[in-house]
Amino acid sequence: MRDRLFRFVIDHPVWVILLSVLFAFGAASGAKNLVFKSDYRVFFSEENPQLTSFESMQKIYSKSDNVAFIISPDDGEVFKPSTLAAIHQLTEESWQVPFSTRVDSITNFQHTWSEEDDMIVEDLVLDPDTLADSDMSRLKEIAVNEPLMLHKLISEEGHVSVVNITVQLPGVNPVEEVPQVVSKVREMRDNFIAANPDLKVHLSGMVMMNNSFAEASLSDNATLVPIMFGVVILGMVFLLKTISGTIATVVVILFSIAATMGLAGWNGMFLTGPSSSTPIMVLTLAVADCVHILTTMFYEMRQGVKKEKAIQDSLRINFQPIFLTSATTAIGFMSLNFSDSPPFRDLGNMVAVGVMLAFIFSITVFPALLRLLPLRVKQIEEGESDTMYKIAGVVIEKRRILLPGMALIMTAIAVLVPMNQLNDDFVKYFDETVPFRQATDYMQDNLSGMTSMEISIDSKEASGINAPAFLKTVGDLSEWLRAQPETDHVNTLSDTIKRLNKNMHSDDPSYYKLPSDRELSAQYLLLYEMSLPYGLDLNNQLNVDKSSTRVVATFMNMTSTQQIEMESRIYDWFAENAPQYKVAIASPSLMFAHIGQRNIYSMLLGTSIALVLISVLLGFALRSVKFGFISLIPNLAPAAMGFGVWFLIDGQIGLALSVVAGMTLGIIVDDTVHFLSKYLHARRDRGKNSKEAVRYAFGSVGRALWITTIVLVAGFMVLAQSSFKLNADMGLLTGLTILIALIVDFLFLPPLLMMLDRTVEEEKEDNTPDSSNMKNEAVAKDSEGENDDSVNQLA
Amino acid sequence: MTLLTNSLKAVLISSLAAAPAVVMAETAEEKGLRIAEEAKASDLGWKDMQAQMNMILRNKQGQESVREIRMKSLEIEDDGDKSLSVFDKPRDVKGTAFLSFSHPVGADDQWLYLPALKRVKRIASRNKSGPFMGSEFAYEDLSSFEVEKYTYKFIRDEACEGGNCFVVEQYPVDKNSGYTRRVVWLDQAEYRPWKIEFYDRKDSPLKTLTYHEYKEYEGKHWRPDLMKMVNHQTGKSTDLTYQGYQFKTGLSDSDFNKNTLKRAR
């Protein structure tokens, strides 16, 4: 059956190519349905507890997606008539931003004061045309002394100011809503800068972050995918010295990527930051199949076998190993389904499909193309094989040092794993070249960080927020929060009520305190609410029956661990000071803070299941329980070592890296499969001892492993250049792990085999080590001419 | 603020017959203005009014909250109406009283009596666009309808709950308004509003107000028992119900001043 398929491919290459083209294009046409969803919420599954709690908070109060214009005058002084006029105008225009529901700035801040029995509520800068230089010090005084504005809308020195737009995205068309907002605010920024050349503007906020997910990922694909194609083409031309083979490989890659993305589109999937790295991963992984087929084919042809026969032989020899390696790779990627974060599930499934498609294209359209394209073989000497034999010689000779030495190094690196810190800082998902990151870093340096926590305090009774004891708790909490070294800003109802109390007592500063009477607070609030303009109401701080209030704390940027610690510190504060109220803390920052850990736990399970599946598959393929177990070490060690090395490189792991172990497992298994199957072939079918078998394995697959590893590492290193750090880190660690896997397979696995699998004679020889060198020479000569026999070594 | 008369006042029968038999070459703007003037005229002469008003606020989570207000208003010729509202619920604002002299153009005069402070405070604010007591009704939605508050454009005739309706766009004159425009459905027989769509400052649909259960008082003044406001952007809504309408109870200017405010309970 299998042979008939190969026969058909060789005999009717044009048909096979036509059918493949038809299939690839049919599938690829689904790509038109593939759209990018730019919303940080996609990172969270619907059952994610932090998301659920945040969403319910948003339903009770209001949504808090925002865009922040960060304005910094060149002369470092916001309080100038011209600058305030510019901010006033920008504030007015901001109401025109699509989906905007609220605009906060220093100019429209609702300033309250009293004159005799009058209570005046007015924009801080009502009419910019009448501003005089003499007003400036008064306005600055008001702004920097107002806790609701300081560090949020104005810096302490008065050198940076923010216009903050709250948007309420309907979520009806998530693909277009964010870009709509972004294109409007960018247009506003450009006009603003043109009209006010002495003012600098940065754009930050959740909406800008959402947009950056899409922009960073898409620009990545526009630059990194072509680079990767270049790397593959150059690599193949130099290492395999074949133009036709390279062309055929590129076709397989193109078909695999196009069909994968198309099928994802037909399935109604959408793209997200992580899943947008699918093309580059499929590209990288698809190369390996082709390299194995080409290597064997060229070997045969050099032996004088005709092209058609060589192609067919190569397919026959490689069918099972590349099927097996594709399947294990797919299983590894499918372990991502255990991830708590849907984009990674999508990534896993898409790449798994891509890898299997690449396998199908490699045994159909690839040989068909090779059949039609001109192929010439020069009788060149196997330079790299010589190198491989040299490595084999060294490994065999130094096995007694390598085994404990490598074991020591592996353990030493692996013990570093727990020292990695858990951190998901969504700002740092983007590198410094991304404008959002620059803007947010600038905001962090001059005003406040992006880390926020929304604390909902429920009094459990209607109008309960007016109760003096409740207000005191809110006030105490706010003071306590402000005393924490991490805190930049606290937005709290208690400040508003204190200010109103002062206003109602002729602005007497001694009344800047919470009223002792429930009715007073209620009536102040009623008065205040009746005086506020559209969009600047208290509905974002109070729920509908005034039983609960939301305090929003903004912190300097913290690691996930620090945030979780801060979260529990706040809960502890309530347990100690106000256990009678129901408290919920939620925010996007906290969602990200928790997801790394959640994902690591869920991925531990996923990776374990993948490991079991893969080991069982290997045990069957190698027809040996013993070798199934031995294979565990070279399959597990690289991920452990990768994370150990990661501690030395970066030391922070999170969402993206928690999937790397599962993902790489399926890839690095390939090396072990190839190496062990050749080794066993020599041991079983040729009666060789373990040292000879190691030498044979090096000679027959060493070069292919070397080449595929170079390609894989190169591919993931290209991904590591991504400006989207989530993908970049994932690429870097994956590349690193694959490289380590090759080192382990070359330097640790052979000595291990030679110890655990040595023959009785070898045991004796080991007692007289002097003789081993001579013996090795002989084995080397013996194994050189034997690659043609390495047929059907599996099953 | 004439909490109740406002938009309702646009209500009234009468004078369709009195209207000159369709002016030739009337523009859409002129027609819109004419409809507004006719609507205003049709409800003139109610003199004073008292009613009990309840509000039920709902958020997206389905949580509810109730507000209860007693209100009195006085019709003022050639100016906005005067109104006095006394809050009964929530309990902690009980006895708070609000006096407003509305003006077609410019800031209204407003005073609030705070029983907890035992003081009358004048509120100096240009803002009429904020939510009234946390509800989906803005202060400007509840204040009395005056022709000068808007410019107009007639859009079309359309069947509606009240029979045949004029559909008219109204553009607020006050730059502090929260709206770019309102689209109003007025029935052609009685000039009663049936539906108003509100568009926010960026001209996106913001809220829809619908009127229900109209009753006729004093032979010409139509008032609804229920008004429903739905905010499309936040998913929140407010139902406004009226009970015990009384007209021509003999209220006068002296019932609407700072001093009566304290005694309003």
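Just so you know, glycine gets a Cβ as well, placed from its N, Cα and C.
TrEMBL labels come from automatic prediction, so no person has curated them.
Database features (TrEMBL):
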- A:222-240: transmembrane segment (TRANSMEM)
- A:247-266: transmembrane segment (TRANSMEM)
- A:247-372: domain 'SSD' (DOMAIN)
- A:278-299: transmembrane segment (TRANSMEM)
- A:319-338: transmembrane segment (TRANSMEM)
- A:350-370: transmembrane segment (TRANSMEM)
- A:401-419: transmembrane segment (TRANSMEM)
- A:600-622: transmembrane segment (TRANSMEM)
- A:629-649: transmembrane segment (TRANSMEM)
- A:655-676: transmembrane segment (TRANSMEM)
- A:696-718: transmembrane segment (TRANSMEM)
- A:730-749: transmembrane segment (TRANSMEM)
- A:761-795: region 'Disordered' (REGION)
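For the domain 'SSD' (A:247-372), the model's pLDDT averages out at 89. Comparison of A:222-240, A:319-338, A:350-370, A:401-419, A:730-749 by number of C-beta pairs under 8 angstroms to the transmembrane segment (A:696-718) places A:730-749 first.
The stretches the transmembrane segment (A:629-649) and the transmembrane segment (A:730-749) meet in space: the count of Cβ pairs below 8 angstroms, excluding pairs fewer than 6 apart in sequence, reaches at least three.
Stretch with the most C-beta contacts under 8 angstroms to the transmembrane segment (A:600-622), considering only A:222-240, A:247-266, A:278-299, A:350-370, A:655-676: A:655-676.
Listed by sequence, the residues of this chain that lie at least six past the ends of the transmembrane segment (A:319-338) yet keep a Cβ under 8 A from its Cβ atoms are 2, 285, 288-289, 292-293, 344-345, 347-349, 351-353, 355-356, 358-359, 362-363, 602-603, 605-607, 609-610, 613-614, 617-618, 621, 659, 662-667, 669-670, 673-674, 677, 794-795. Across the domain 'SSD' (A:247-372), the DSSP tally of helix, strand and coil residues reads 111 helix, 1 strand, 14 coil. The stretch in A:222-240, A:247-266, A:278-299, A:350-370 that contributes the largest number of Cβ pairs under 8 Å to the transmembrane segment (A:655-676) is A:278-299.
Counting Cβ pairs closer than 8 Å to the transmembrane segment (A:278-299), the top stretch among A:222-240, A:247-266, A:350-370 is A:350-370.
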